[in-house]
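**Q** Have a look at the structure that comes next, please.
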Amino acid sequence: MTLWINGDWITGQGERRSKTNPVSAEILWQGNDADTAQVAGACEAARAAFPCWARQPFAARQAIVEKFAVLLEEHKAELTAVIARETGKPRWEAATEVTAMINKIAISIKAYHARTGEQTSELADGAATLRHRPHGVLAVFGPYNFPGHLPNGHIVPALLAGNTLIFKPSELTPWTGETVIKLWERAGLPAGVLNLVQGGRETGHALSLLDDLDGLLFTGSASTGYQLHRQLSGQPKKILALEMGGNNPLIIEDAEDIDAAVHLTLQSAFITAGQRCTCARRLLVKQGVQGDAFLARLVDVAGRLQPGRWDDDPQPFIGGLISAQAAQHVIEAWHQREALGGRTLLAPRKVKEGTSLLTPGIIELTGVTDVPDEEVFGPLLSVWRYDHFDEAIHLANSTRFGLSCGLVSTDRAQFEQLLLEARAGIVNWNKPLTGAASTSPFGGVGASGNHRPSAWYAADYCAWPMATLESPELTLPATLSPGLDFSRREAV
């Protein structure tokens with residue numbers, strides 16, 4: 001029984017699927033998708049639960065969310081193993097994901113009050129008050145690269161605001177989704193407040209088309225995000241938050257400390273086997289002796305990265321990709337860029353056929369035209385050389401995406417120029433592109449999102465503002481508007 005609807009664990013009536021470890025092929029999870037009727041039933045349960053949940057005092061909702069945080073801490077090792085085995089990422093990295101989930105609770109509570117709390121301004125004859133109200137029933141679509149942390153970043157603020165939810169994990173990480181929901185169940189959520197439906201494209205399509213849905217919170221690929229945007233077009237009553245991918249540039253202007261610059265680049269491009277939406281996909285390196293030395297060192301160190309199993313000892317820097325198919329897609333993208341005229345500096349290599357273990361690849365594309373402006377979700381880094389900083393900014397902005405951008409330089413003025421001219425939601429200076437602060441908004445523009453950044457700003461799209469003018473007494477103004485006559489007429 002792999003669906004949780006209205007407080008009950010039930011068996012899906014849709015397509016049968018199983019999930020295996022992408023490296024060992026060990027079967028980890030088996031179950032059935034939710035069919036259309038079960039998706040509708042989850043929405044009905046959420047709608048029925050909404051009035052009571054929304055009317056709960058905030059402290060009551062907060063107590064359940066904080067109980068969930070306690071359970072995450074108590075089951076950290078178990079959830080870490082589930083995430084690592086299902087995604088293929090190393091244990092150390094999965095542990096950081098669970099830690100981020102735990103930390104999200106306190107941050108979300110603080111953000112709720114800072115972004116959507118109640119504010120009152122005193123007026124001469126009363127008060128003006130800003131309050132916030134939950135939307136109602138929201139769908140949360142989870143990704144596979146951070147199957148615990150990223151959905152958590154939607155679920156927690158949405159529940160705190162008083163919404164009820166239908167959660168569909170990625171079909172590539174159903175086990176993590178189920179494990180997390182079981183912790184929510186133990187935290188004491190009332191029936192119907194949070195519902196779990198498993199499934200792939202058909203389940204997601206059925207969920208996004210529900211008439212009684214008040215909004216959809218999505219993290220995933222640009223192609224799916226665009227599809228959801230089309231499906232919900234003409235429905236302004238529904239809130240849609242899209243956090244999509246990126247074709248992110250990292251500019252290496254000044255690499256005086258070459259090893260530090262190489263380390264930053266590895267963290268930006270290859271962590272999580274390149275499966276972070278903020279990963280550097282395009283490396284822009286200044287022409288010259290220093291740039292040459294940096295690239296040579298980068299190829300040297302990156303060539304020593306050996307992906308390994310989730311539980312290898314010692315732990316590897318990167319594990320497998322989410323699937324063998326995902327690894328093959330990276331290989332195909334590399335061949336495509338070679339065919340366009342790219343010069344391979346480091347060839348990506350499958351460690352073992354039939355698995356998702358893939359070594360990093362680096363290819364130079366300086367002067368190559370017609371390179372697809374797409375997100376290759378894996379450890380493939382494309383290099384362009386440039387002569388002047390203005391050219392670097394032009395190259396950085398030459399994409400339909402706008403998620404993250406980074407600069408390695410000792411010149412503060414160059415960073416100030418980048419801040420003015422970069423078209424990206426995250427702009428880092430001498431910090432990895434994959435680094436983000438939970439106390440800041442997280443999101444991008446263009447094909448990377450629809451101006452609904454998450455993290456610190458997630459509270460914004462989980463509630464709508466209600467403005468009031470209020471006075472305990474009704475009084476006639478001392479000064480009336482022109483043309484109004486309230487004089488008493490004498491009776492004839």
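Backbone N, Cα and C atoms are what each Cβ position is placed from, and that goes for glycine too.
Pasting the feature list from Swiss-Prot:
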BINDING   Gly220, Ser221, Ala222, Ser223, Thr224, Gly225  NAD(+) binding site
ACT_SITE  Glu243  active site
ACT_SITE  Cys277  active site
**Q** I want to verify one value. Collapsing DSSP to three states, which class is Gly220 (NAD(+) binding site)?
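**A** Note: Gly220 (NAD(+) binding site) is coil by DSSP, not helix or strand.
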**Q** Under 8 Å Cβ to Cβ from Gly225 (NAD(+) binding site), same chain, six or more residues apart: give me those in sequence order, or none if nothing qualifies.
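**A** In sequence order, Phe218, Leu242, Met244, Gly449, Asn450 meet the Cβ cut-off.
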**Q** Just checking, which of Ser221, Ser223, Thr224 (binding-site residues) has the fewest C-beta atoms within 10 Å of its C-beta?
**A** Ser223
**Q** Round to the nearest Å and give the CA-to-CA distance linking Glu243 (active site) with Cys277 (active site).
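**A** Counting only the Cα atoms, the answer is 9 Å.
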**Q** Measure from the CA atom of Cys277 (active site) to the CA atom of Ala222 (NAD(+) binding site) and give the result in Å, rounded to a whole number.
**A** 10
**Q** In three-state terms from DSSP, label Gly225 (NAD(+) binding site) for me.
**A** helix
**Q** Within 8 Å of the centroid of the Cβ atoms of Gly220, Ser221, Ala222, Ser223, Thr224, Gly225, which other residues of that chain place their own Cβ, given that this set defines the recorded NAD(+) site?
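**A** What remains near the Cβ centre is Phe218, Tyr226, Gln227, Leu228, Met244, Gly245.
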**Q** Looking only at Cβ atoms, how many others are within 10 Å of the one on Cys277 (active site)?
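**A** Result for Cys277 (active site): 28 other Cβ atoms within 10 Å.
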**Q** At a 10 Å cut-off from the C-beta of Ala222 (NAD(+) binding site), count the other C-beta atoms across all protein chains.
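**A** If we count other Cβ atoms within 10 Å of Ala222 (NAD(+) binding site), we arrive at 22.
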**Q** Taking the Cβ of Gly220 (NAD(+) binding site) as centre, how many other Cβ atoms lie within 10 Å?
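**A** I get 21 for this one.
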**Q** In whole Å, how far is Cys277 (active site) from Ser223 (NAD(+) binding site) when you measure between their Cα atoms?
**A** 13
**Q** To the nearest Å, how far is the Cα of Ser221 (NAD(+) binding site) from the Cα of Cys277 (active site)?
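**A** One finds 9 Å between the Cα atoms of these residues.
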